[in-house]
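Here is the structure we will look at, set down as C-alpha cells.
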Amino acid sequence: MKSVAVALLLAVLALESSWTRADPGPSVVDPNTDEDAALREFFSSLSHPEALLRHVQGALLEKQSLPGVEDCSAALVRWGAGLYRAEQWALQMVDSSSKLITGVLYGNLADMGNFDECVASGSVEEQGFTGRYALPALDMQTVVKPANSMTREARLAQLHKGLMAVAAAGRGAIPETPRVTDNATVEYSTLAALRISVCVPSTCQAAVVEAALARALAVVNAPLSAAGFHLEVRLPERYTNVAGPWRKAGPGDYVVIALCVILILLVILGTTIDLTLVAKHSRQKVGMLLAFSAYTNGKRLLTIAPPSDSNFTCINGIRFLSAMWVVLGHRYINALAVPYMNLIVMPKRVTDPSAMMIASAPLSVDTFFLVGGMVNCYAFLKTVQGKRSFNFIMYYVHRYVRLTPAFALMIGITATWIAILGNGPLWYQVVGDASDSCIRNWWSALLYVANYATPTDQCMMQSWYLMVDMQLHWLSPLLLIPLWKFPVVGLAWGGLLFVLSCLSPFLITYFYELPAPMSTDISMDAQHVFLEQMYYPTHTRATAYIMGTMVGYALYKIKTGKLTWRLSSAQVTLGWLASTALCLTVIFGEQPLLDHENHPYNVWEASFYSGFHRVAWSIGIAWIVLACIMGNGGPINAFLSWTPFCVLGRLTYGIYLTHAAVQMVDHGLMRSSEYYTDFKMVEGMLGDLVLATFFGTCLCLTMESPIMAIEKALRGPPRRERPSSPPPPQSEGKSGNGIDNPTFVPPEPSRTPA
C-alpha cells in the first residue's frame, strides 16, 4: 500500500522544475498557444521536493548566521531520508504542499495546500520536529507601470502577461514585451501576490524558507527582468504556522479573560439574588448586584412598550434592517481580502444592476445617522421643555458611559484572546492583523478620534462609524442650542450647516478626482485616498445627521401642536411615490458610475453624486419615518413596527460591535479557496447575523444593561419638575424605545443609532 501511495505522489510531482535543469534547451512550448502547459510547469516547480530540499540546503549555507540553521539542516536530512524510505510523515509534508494552481487566469491566485495535514505531520518525540506550514507570497512585479495606479482588472491582465513571461523564461524564451534598457533605473511595482503553500520542518524558520525560494527564483528572474517582470518572495514569520495557536497567551489575554469571568460571575450572582430576594428592603441592599441580573435585564429586553408620543416603533424595524444591510455589505467587502477561485468575475459583478443593493450597502450608515440625529434632537427638546438651562456635562458623560464599556470590552477581546482561539493559513493575516491594530491603536478608538488620528489602521474595522457618531454628538449642541433658544436663527444656521455638509464631499471629490461611489475596480492609491478623505471623516458624513436633527425638530413641533401635519390621501400617496423614487434612484443610479469600462469617469458627475446622493437618500428615509410616526405608514408601518423588530432593534448595537469579529474568524479559519456566488454570500450573511445576534445578546446582558442600571443608580432619582413642565422621557432603561440601547437611543435619556 505504501508503494502505491509513493507512486501516486510521485506521479503528481513528476513535472520537472525549470531550475532543476542543467541546460533548459530550446523552448518547445509556445506560451501564446499552450498557456496552460506553461503555467502548470511553472507552478509544479514550486513544490518539487528535490528542488525544494536542494535550494533550502543552499540557502542554509548562505544564511549560516541565522538562528537555528543547524537544527533546520539536520531536519532536512531527516526529511530527505524519510522520503527515500517512503515514511508516511515525510510524504504528508510533501502531499500537504501546493502542487498546481488551476484557474490563475480566472482569478485563482492562491493554493493553500492542506494546512491541517502539514502541521500534524512529524513528531517531536520521533523525528524531533513537526510540520511548519508556510504560505509565502510570490509578488508578480512589473516595471511597465506603477501597479498602485492600476485598476484590479488591469492588474489581472498584466499578471496574465507576467505569468506567460515566467513560463516562457523557464523554457528559455522571452515573449515580446517592452524591455528595460541597461541604464534605466528599475523600480518594480507589485501587480498581485500569488500564494503557494510549502510544508517544511518546524525547526526551519521563515527567513530560511524565504531565502530558499528566492534562491530558486533567481534563475527565473534573470531572463524575466528583460521582459519587464520580476518575481519576489515574501515570507514573514507571521505567514508560517505550527500546530496550536499562532501565539501564546500573555498578560493582556489573562486580564481580559479574568474580566469576562468576573462579568459572568456577576451575572450569575445577580440573577440568583434577583430570583431569591423578593423583599424590597433586601433588594435595596444589593442594588448594584441586581444590575447584573439576567432575569431582570432579559425581561426589559423582551418588554414591548405600548405606542406613545415618545415610542417610535417603526424605528426598530429600520434599525434592524439597516444592521442586516451593514452585515451583508461587510460580508461582500471582506470577501475581497480572502482567496476566491473566480476573483476575476467580482469587479464585473459589482457593475451588474442586480448587484446595486449590495453596492449601495454604505447607505445603511446614512440611515443610522438620520435616525440618530432625529431622535437625539427630539429627546433633547422634550427634556429642555419648560427649562432655562441644561446640564451639558452630563449630556457628554452620559453618552460616553453608555457607548464605551461594551465597545472597550470588544476592543479588549479583539486585541487579546480572539487571536488565539484558532489557526489556519490566513489566520494571522485576517485575525492577527486586526488584533495588532487594536494593540497599537486602542487609545484612538476609546477617544473616538481614530477616523482622523489613525484612519488606515483603526481598531475594529467598523468602528469608524462610532467615531463619526460620537463626534457628531459632541458637536450637536452647536445646532440644538439655537433651535432651543432662538428657533429662527437655529433653522437658518441648520440650513447653512446642511449646505456646507453637501459642499464638503462635492469639493473633496472634485479636487482629489475621487470616484463616486467607491468601487473595487479602482487603484489601491485611490482607495486609500477615498477612505481617508471621503469615507471616514465626520465633515463628509454629516449631511444625514443634520437633516435628521431638523426632522427631529419638526417632529417635536408637530407633537407639541405648534406645527400641523394634515395630509390628504393624494398627498400621502405622492409622498410615498416620491420617497420610493428617490431611494431607488440613489441605489440604482450608482450603476453607470461603477461601470468604468463603459462609462468614462467625469469629475463633475462624480462630485455631484458625492455631494448630493445622501440628500436624496435622507429625504426618502425621512418621509418613511415621519409618515409611519404620524399614522400614514399603512402596511409599511405595520411591518417596521413588527413585534420581533422591537426586540431585535435593541440588539443592533451589539450586532454592530460583534458581527465583524464573526466574519473575521470565519475567514481566518478558511482552509482553501472558495467559489464566489451571491447565494453563498447571502447564506454567509444570515449565519453572521444569527451569531452576531447571539453574541450581541450576551454583550447586552453582561455589559450594556448593567451599565445602564448602575448609571441610573449613581444619578439617583430624577428631580421633581414643576407642574407646568412636562416630565422628561423615562431613563430607567426604557426611553421611547423600550430598553435604552447604547448607540441606538438618544442621550439623556437615550442615544443616537449606530
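In case you wondered, yes, glycine gets a Cβ from its N, Cα and C as well.
TrEMBL does not curate its annotations; it predicts them automatically.
The compositional bias 'Basic and acidic residues' annotation in TrEMBL covers 713-723.
According to TrEMBL, the feature compositional bias 'Pro residues' maps to 744-754.
Per TrEMBL, domain 'Nose resistant-to-fluoxetine protein N-terminal' is recorded for 69-233.
What TrEMBL lists as region 'Disordered' is 713-754.
Per TrEMBL, the feature signal peptide maps to 1-22.
Counting same-chain residues at least six beyond the ends of the transmembrane segment (254-279), those with a Cβ under 8 angstroms from any Cβ of the stretch are 286, 289-296, 409, 412-413, 415-417, 701-703, 706. According to TrEMBL, the transmembrane segment annotation covers 254-279 (among others).
The feature transmembrane segment is assigned by TrEMBL to 320-341 (among others). Same-chain residues lying 6+ beyond the ends of the transmembrane segment (320-341) with a Cβ under 8 Å from its Cβ atoms: 103, 106-110, 112, 195, 358, 361-365, 367-368, 426, 430, 461-462, 520, 640, 645, 648-649, 651-652, 655-656, 659-660, 663-664, 667, 670, 672-676, 681-682, 684-685, 688-689, 692.
Positions annotated as transmembrane segment by TrEMBL: 361-381 (among others).
According to TrEMBL, the transmembrane segment annotation covers 401-420 (among others).
Look at TrEMBL and you will find 491-512 (among others) tagged as transmembrane segment.
According to TrEMBL, the feature transmembrane segment maps to 570-588 (among others). Listed by sequence, the residues of this chain that lie at least six past the ends of the transmembrane segment (570-588) yet keep a Cβ under 8 A from its Cβ atoms are 353, 356-357, 360, 363, 613, 616-617, 619-621, 623-624, 627, 632.
As annotated by TrEMBL, transmembrane segment applies to 689-710 (among others).
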Beyond the flanks of the transmembrane segment (401-420) by 6 or more, those residues with Cβ under 8 Å of it: 245-250, 252-253, 255-257, 259-260, 431-432, 434-435, 438-439, 442, 445-446, 459-460, 463, 466, 470, 653-654, 657-658, 661, 664-665, 699, 703-704, 707-708, 711, 740, 742-743, 747, 751
For the domain 'Nose resistant-to-fluoxetine protein N-terminal' (69-233), mean pLDDT (0 to 100): 73
